[in-house]
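*Asks:* According to Swiss-Prot, the feature N-linked glycosylation site maps to ASN63, ASN123, ASN430, ASN484, ASN523, ASN561, ASN838, ASN1038, ASN1065, ASN1194, ASN1567, ASN1773 (among others). The feature ATP binding site is assigned by Swiss-Prot to GLY104, GLU105, SER106, GLY107, ALA108, GLY109, LYS110, SER111. Positions annotated as compositional bias 'Basic and acidic residues' by Swiss-Prot: 632-641. As annotated by Swiss-Prot, region 'Actin-binding' applies to 660-684.
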Amino acid sequence: MAMSLPQLGGAGGAHTQPSLPSLPAHLQSDTHLTAHLASRFHVSHPTARLSSHALISLNTYTNSSKGPDGGKEGSAMAGAEDIADRAFLRLGHRSENQAIVFLGESGAGKSTIRAHLLTALLNKSSTPLSTKLSLAAYVFDSLTTTKTATTPTASKSGLFYELQYDTSATTNPILIGGKLLDHRLERSRIADVPTGERNFHVLYYLLAGTSEAEKSHLGLDGGSGAAGTTQKRWKYLGHPTQLKVGINDAEGFQVFKNALRKLEFPRAEIAEICQILASILHIGQLEFETTSQTSVTGDDSGGFSHEGGTTVTAVKNKDVLSIVAAFLGVSSADLQTTLGYKTKMIHRERVTVMLDPNGARAHAGELARTLYSLLVAWILETINQRLCAPEESIANTVSIVDFPGFCQQTPTGSALDQLLNNAATESIYNLTLQNFFDRKADMLESEEVSVAATSYFDNSDAVRGILKPGNGLLSILDDQTRRNRTDMQFLEALRRRFDGKNAAIEVGSAQAKLPGSNFLTENTSACFTVKHFAGEVDYPVKGLIEENSEVISGDLLNMINGTKSEFVARLFGQDALQTVTHPTERTTVMQATVSSKPMRAPSVMSRKTTRAGRPSTAHRRQQQEALEELDRESQVGESNKKNANMTPEQGASGQFLASLDNLQKAVTDPGTNSYFIFCLKPNDRRIANQFDSKCVRMQVQTFGIAEISQRLRSADFSLFLPFGEFLGLTDSETILVGSERERAEMVIEEKQWPQNEVRVGATGVFLSERCWMEIAQLGEAVSVGGRYGGLHSSDAGDGLTPAESIPYGVSKENLVSGGNTPLMYGEKSKGGYFTDDNRSEAGVSAFGGGDMFKNLDTREQMAERGNEKSLEEVEEYRDKPSRKRWVALVYFLTWFIPDFAVRVIGRMSRKDVRMAWREKVAINMLIWLMCAVAAFFMVGFPMLICPKQYVYSSGELSSYDGEKGSKGAYVAIRGFVIDLENFIPNHYPGSDLVSETTLMKYAGKDITSLFPVQVSALCQGKDGAIPPEVTLDNRNTNMTGQPQLLAQRDVDVNSVYHDFRYGTNDSRPDWYFEQMYTFKHVYLKGRMGYTPKYVEKLARDSAWNIVTIHGKVYDMTKYMQGGLRMKTKPGEATPNIPGATDFMEDSVVQLFRSAKGQDVSKYWDNIKLSAVKKQRMETCLNNLFYIGDSDTRNSTRCQFAEYFILAISVLLASILVFKFLAALQFGGKNVPENLDKFVMCMIPAYTEDEDSLRRAIDSLSRMKYDDKRKLLVVVCDGMIIGQGNDRPTPRIVLDILGVSETVDPEPLSFEALGEGMKQHNMGKIYSGLYEVQGHIVPFMVIVKVGKPSEVARPGNRGKRDSQMVLMRFLNRVHYNLAMSPMELEMYHQIRNIIGVNPTFYEYLFQIDADTVVAPDSATRMISAFIDDTRLIACCGETALTNAKGSFITMIQVYEYWISHNLSKAFESLFGSVTCLPGCFSMYRIRAAETGKPLFVSKEIVEDYSTIRVDTLHMKNLLHLGEDRYLTTLLLKYHGKYKTKYLYSAQAWTIAPDSWAVFLSQRRRWINSTVHNLVELIPLAELCGFCCFSMRFVVFVDLLSTIVQPVIVMYIVYLIYQVASNPSVVPITAFLLLGAIYGLQAIIFILRRKWEMVGWMIMYIAAIPVFSFGLPLYSFWHMDDFNWGNTRVIAGESGKKIVVSDEGKFDPNSIPRKKWEEYQAELWETQTQTARDDVRSEISGYSYATKAQGPFSDYHGGYQPSRPGSTAGFGHPNMSRMSLAHSEMPGNRASQFGGSQFFSPEEMVGMPSDDALLAEIRDILKTADLMTVTKKGIKQELERRFNVPLDAKRAYINSATEALLSGQL
């Protein structure tokens, strides 16, 4: 039969033919079809048809709603509406589910056509629900669409949009609901935006569309512009140019907000959504740096790596951190800590990794991805809850399937996203091929209809290889992820599966040869290749396993668990977050994943009976049964969600595979009619109206369009109608004869339909959709223009708003926006998703005010709420009286600082923190008071006792004679010393009259005679006036200091130049006064000085009338000897005035005469003169008779001041001398004899690297001490991977010691130091023998692993807790107290495995993990203990291994050396070394004679294990200097014992090499020193005598520590004094300074430590740092702690209540039992067979934590701890022999498998041990014991329980053996 396909294109050229199958056969090739598409494209016909249910659409990159004539006809929009009309028609008339599937590459316009299609479908509904469904689609696109290199609207999530209809009552379906199913959002884009692309559009909407007030609240206001742009670069928004790409983000945000509001999201929720989006942007802005954690935490005792702080990663921009924390409802500190750590499961162990900045950046990215994924899931699920109809009411659905296009290369670098995306496209393409080629093949065959075969490219190999359940690629990836396999193991699994078995998948090599190498190494670029239908793609395997697991670390979940934000709690509480809980503590979330599949399954057809009159056929029944099966699977999926934590979890690939399977079943279901829309892009450059034939031809070839077209030319069947149904649709009443088949053939012959559209089968007719519409009389609805469309129902005129008025953008019409297009798509006035909704906009108008956060909590309030902790009362106590007195003193000293200021300005909300700050201020005030007192005694006290005098004796004056080498040129005039040298240049009248040489001859002399005075001008006499003729002779002093009266003839010849008295021709009465005024104020250097003895001598021997009045010396000798005369001008007669020359009062003259040579101040004060006369006399004395001041520089008072300071200096110097003598310990290091004492060697380990740990362990092991008598004890503080390490510290230690990973002992409970519930910790015990360089040393490793509920840093409690583990154990051993389960295991391991009774150990040798000890160190220390039984502890000399590491380490070398060899050696003289460093010390555990516990005595253990550390003093004692405090406790409670320093015992440690760590370490040391010395001073037991008691030395040390800054300032002051006044050299001070370092130099010279010369110079240069900068910094940062969450509040009646957010610890939660009781029970439960001993079930379970209660009484869920011995195991480098005969019967060698931390997929859903045991018993009852095997029993159990039991294999085997042997 010739094919005559209808020519519906109308008249015209070839381009008028829209149907490709209608083209001639010779035009059915790829090339010809492409040419045909091009011809249509160039005349603005961008669409073509393959059949009635397949459309081809070319993206024009212009308006997709305009056809060739400018109208809608012929456009892509019209084509989409045509498909919508057809689907709606079949939905109503046949009650079939409809599916519209989109295919096409990215940029082909799928999103645009989908928008038009959805609009057309929704326009057919008259309910307001259509608006909501349209808005839901917009919200989905906003959240999942981005701009890529190929399109501005690239969808990055698979969409299954289901419209739900009720078709039971009418042929016009009623829209009753909708459902959005998202498939695998491209999460990698969130934190890694590809270059030239954008992140998801909603993030740009937020930045551009918020108002200024909203931006301020969200923290987005940094440099924002008016047009929605910003100068600030946002990491998660890509390059700043992506903010301006022609998309109107601002309008998009308004539409997004309004869409949410119309979807009934409350205003508060919309605001919360915006806050989460903003927090994601801010997370991208976080900057990280490596720093040292110098603030000690509440749980951390510090102490590791010399207490310099742990290297951590911190956030640099704390302001951004606070914004994120506020929006998430958590504290900033918690968020920073969480981002710096990451908890993982490694080898079934929960381990915390300390991240570097890059790791922290990635962790922050994980948080951002998690937040966005959960937000999208929550929004979509919320929409679904409000739009989805009940399942029972849904009759049929229309489903739109649109997945991202095929991805040849992944822009984000995520191989997983690329693989899953391409897997989806592969699956969709395959179901497309099935629909066209295979779907009806079986039915055609059964109906005996033959159709010509058509060859086509079949991608079934690729589909099976990728998607086959069980052994497809995605299934293998999921399985390998569940099994914690590596990437290379995954690659090998693929090789085993696909090599030679599937041509579509090729697996690369896991090994490769590097260039220039002949050896195979791991191939870092290993990959596998998949031959997709669209091309080959190489997928790298590196990181694929980890990416597939998509694990959200427990750290983030633990942090979010404490959120104060209800919205954030809801996000993390939804079903999309699949949590993995601990097998024993269901409340403990170990980790989680965000689901990669939809939270809902596709809906199914309602089970209601079909409408009356509708035929019910076998086909319909088959369809119904298939849908029921799908419904059951859907219900199972819903049920599985509720029990997610009880079933093994899938990885991303497994979940995605399951969702694809659901989708494929829904689309390919027999009751579903599918339409396909092929979207093609005309060119790769997004150029409008340009057709690239090569580009299009490649797409035509890829999608097999030519083969599909050829297939449709032979078979285009869309329906099968049984003859009865077919005839019922036709007008066949006129045909009265013939069978149904004959009548049907007659109808078909009459219609003259082409053969490819209709065929008659055995029981019915196959029809195309066109033929069905014609026969059903629906063809009249076909619109003009030749398209199968416009089939609007009779309800089309329902008054709905037409699509042209719906505001959703030309987006979906114009994919390349040519300007500032609104939204992300286009103009508001064009067609799209939205229809008008006439409901009130009142709810939306709430946003009109420009601030959606108005009346909501501010960011500050959120931050404050996030920082609040949920506290619980844990303890109640009263303050001690001493504490009360101290608090009173603190408030007395800081009363002027209001509490409000401390709280607001200092931002200290907690009262205990404010109190600590006040204490710090008070302590600083006291310190500065002491410094001020010290400074006063050094400088102020001498000046107060002996004020400085600027006086010169005659001899001193003569030394200033101006000669070469002299100090200057001074002269004296009437008692005033003048600087002649400076005056000479200003001498008038200059050198012409008197030369400078002549003037310099006066230097060093008294030149009073050169300056005659006018008496009347300087003195008023008795009556107020003296005749001007009165003159007075002058007196000089010679250079020998002897006074001499000069006769008139001895008057200096130059005096005439200064003689302006009345009797001269040039009389100037005031000339002398004016000249002296200038001298005194410009050139004065001091005054002449006369000692009291010298004054007395002058009066006695020379008959001088000289006295001292108030420190001034006056001489009236000349006056009293008649030295006054009258001198008139030449030619004038001398007047006769009686008494003119006696102008002084007689009483004054008499005073000089009667008391000459004496101090007459008292007489002067009591002289009987009126005040006026006395004032006149005093003026006359000062002007005429003053010759100098009284010189008291050598007085008794001044001598006392000088010698008082000297005495103190000598006292301090004597201490230095004693220190020097103490350091002079000469003689060789005598090698002690071999000793037989047992010693424990303890190493606390935290995050040290392997080299440091190995050096420390090896140095202890290689010590020259009997190996059998030393025990290595390594305490690992938590499961933490330090920065730079690849394994957790415990694993590093165990690897060093040779412990195999298969050894996995049970974690056991013990008491720890921590807040609240952290006092309950758990640990594992390992033991064995360590062999190194011929030494075989027993060891015990204690690993603190933490409780199952601990997520972050499990087990970590600090160094002090590590010490307490051993101290508390030994304390209970020696006092025979009840022990915790872990301590019982320690006892067992030491006694029964190592073979030594724990009580035998006498000494505890403690070093740090970065310390290396000398081979003879322990021997020398123990020898000292044996020699002196009163010695309780000692330390050795610690040097530096990294001395030349940096300048910071260099300045410490000499300080380390001298602090040991001076300070500690001196303290050792008194037997009271006040600080035994924890890095290298040995302690006596018990007294040698009596066995009395010493180091582990009750008092020391109780005080050292103090948990309530809530005051500044206690924090400085226990958190800063626990080593020093431990020494303080030894001196306090064992005062009769000694602590010593042994210089012969040596060790080497690592000093801080960075300034921050060094500063932190010294802050710890200085502050702990101050607080510990305060503790020591009151002790009465400190030994000594007189001043040289230890108490005095302690006080001196305390004082010197405090006043160090003043000492440095004093040295600077001395240097200044010497520099400013070279004549004054403080010889004593410099002698003392010289003695200090001179004696030190003698020490290292005598010891031939020549290198110390250089180190000492560097140390001296750094004195300002050590003695000034560090103390000041330390004192002020005394309260620099992380105060934790425990605080103290005021209670009733003066009581204090301790509250904590860690919960209240119940001591009874840790069972305890004495060793004897435990041992007896152990004997009872052990068989009498001679086997090796292990822990009993009683020890392991009865005394383990109560959390294990739900498990079986028999062996629980954990395995007992295994001994380290190789007996029965054979592990290398482990126990090969027992050190002593075991006292216990043998070892059952850990029969019962398991571990503390099972991998989640193995443990959840497992049967209990009781159930397994019962079934094993039942199996063995009926089994043939001669043939039964363990494997067979396991298989039978798996069959019975229907779960794999690999994780229980060990238990099954051991239980089987126990039952067979009769043990059970």
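Including glycine, each Cβ sits where the backbone N, Cα and C put it.
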*Asks:* How many whole Å apart are the CA atoms of ASN1194 (N-linked glycosylation site) and SER106 (ATP binding site)?
*Replies:* 102
*Asks:* List the Cα distance (Å, whole number) between SER106 (ATP binding site) and ASN1065 (N-linked glycosylation site).
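*Replies:* Here the two Cα atoms are 120 Å apart.
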*Asks:* Would you kindly give the Cα-Cα distance separating SER111 (ATP binding site) and ASN561 (N-linked glycosylation site), rounded to the nearest Å?
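*Replies:* A Cα-Cα distance of 38 Å.
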*Asks:* Taking the Cβ of ASN1567 (N-linked glycosylation site) as the reference point, list residues of the same chain whose Cβ is under 8 angstroms away and which are at least six residues distant in sequence.
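*Replies:* ASN1516, LEU1520, GLY1521, SER1674, PHE1675, HIS1677, MET1678 - these are the non-local Cβ neighbours of ASN1567 (N-linked glycosylation site), listed in sequence order.
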*Asks:* Out of ASN63, ASN123, ASN523, ASN1065, the glycosylation sites in the record, which is closest to GLY104 (ATP binding site) when you go by Cα distance?
*Replies:* ASN63
*Asks:* Which one is it: of the recorded positions ASN63, SER106, ASN123, ASN484, ASN561, which Cβ has the fewest other Cβ atoms within 10 Å in this structure?
*Replies:* ASN561
*Asks:* Give the sequence-ordered set of same-chain residues, not counting GLY104, GLU105, SER106, GLY107, ALA108, GLY109, LYS110, SER111, with Cβ within 8 Å of the centre of the Cβ atoms defining the ATP site.
*Replies:* ASN59, THR150, THR151, ALA154, GLY405, CYS679, LYS681
*Asks:* At a 10 Å cut-off from the C-beta of ALA108 (ATP binding site), count the other C-beta atoms across all protein chains.
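*Replies:* So the number of other Cβ atoms within 10 Å of ALA108 (ATP binding site) is 24.
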*Asks:* According to DSSP, which of helix, strand or coil covers GLY104 (ATP binding site)?
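*Replies:* The three-state answer is strand.
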*Asks:* Under DSSP, is SER111 (ATP binding site) helix, strand or coil?
*Replies:* helix
*Asks:* State the count of C-beta atoms found within 10 angstroms of the C-beta of LYS110 (ATP binding site), not counting that atom itself.
*Replies:* 29
*Asks:* Could you state the whole-number distance in Å separating the C-alpha atoms of GLU105 (ATP binding site) and ASN430 (N-linked glycosylation site)?
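*Replies:* Given the Cα positions, GLU105 (ATP binding site) is 16 Å from ASN430 (N-linked glycosylation site).
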*Asks:* Could you round the CA separation between ASN1065 (N-linked glycosylation site) and LYS110 (ATP binding site) to a whole angstrom and send it over?
*Replies:* 124
*Asks:* Within its own chain, what residues at least 6 apart in sequence put their Cβ under 8 Å from the Cβ of ASN430 (N-linked glycosylation site), listed in sequence order?
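*Replies:* Counting only residues 6 or more apart in sequence, the Cβ neighbours of ASN430 (N-linked glycosylation site) under 8 Å are ASN459, SER460, VAL463.
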*Asks:* Calculate the per-residue pLDDT averaged over the region 'Actin-binding' (660-684) and state the result as an integer.
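*Replies:* Per the prediction, mean pLDDT sits at 90 for the region 'Actin-binding' (660-684).
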*Asks:* Which of the listed recorded positions (GLY107, ASN523, ASN1065) has the least company, meaning the fewest other Cβ atoms within 10 Å of its Cβ?
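*Replies:* Among the recorded positions GLY107, ASN523, ASN1065, the sparsest Cβ neighbourhood within 10 Å belongs to ASN1065.
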*Asks:* Can you tell me how far the Cα of ASN123 (N-linked glycosylation site) sits from the Cα of ASN484 (N-linked glycosylation site), in Å?
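*Replies:* Per the Cα atoms, ASN123 (N-linked glycosylation site) and ASN484 (N-linked glycosylation site) stand 51 Å apart.
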*Asks:* Between the Cα atoms of ASN63 (N-linked glycosylation site) and SER111 (ATP binding site), find the distance and write it as a whole number of Å.
*Replies:* 14
*Asks:* Could you give the Cα-Cα distance between ASN484 (N-linked glycosylation site) and GLY109 (ATP binding site), in whole Å?
*Replies:* 41
*Asks:* Between LYS110 (ATP binding site) and ASN523 (N-linked glycosylation site), how many Å separate their Cα atoms?
*Replies:* 39
*Asks:* For the recorded positions listed here (SER111, ASN1194), tell me which residue's CB has the most neighbouring CB atoms inside 10 Å.
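*Replies:* For the recorded positions SER111, ASN1194, the Cβ with the most other Cβ atoms within 10 Å is SER111.
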*Asks:* Output the one of GLY104, GLY109 that, of all these binding-site residues, has the highest number of other Cβ atoms within 10 Å of its Cβ.
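*Replies:* For the binding-site residues GLY104, GLY109, the Cβ with the most other Cβ atoms within 10 Å is GLY109.
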*Asks:* Cα within 10 Å of ASN523 (N-linked glycosylation site) is the criterion; apply it to the binding-site residues GLY107, ALA108, GLY109, SER111 and give the hits in sequence order.
*Replies:* none
*Asks:* How many helix, strand and coil residues does the region 'Actin-binding' (660-684) contain under DSSP?
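*Replies:* Once the DSSP states are binned, the region 'Actin-binding' (660-684) shows 9 helix, 9 strand, 7 coil.
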*Asks:* Using DSSP and three states only, what is ASN1567 (N-linked glycosylation site)?
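*Replies:* In the DSSP reduction, ASN1567 (N-linked glycosylation site) maps to helix.
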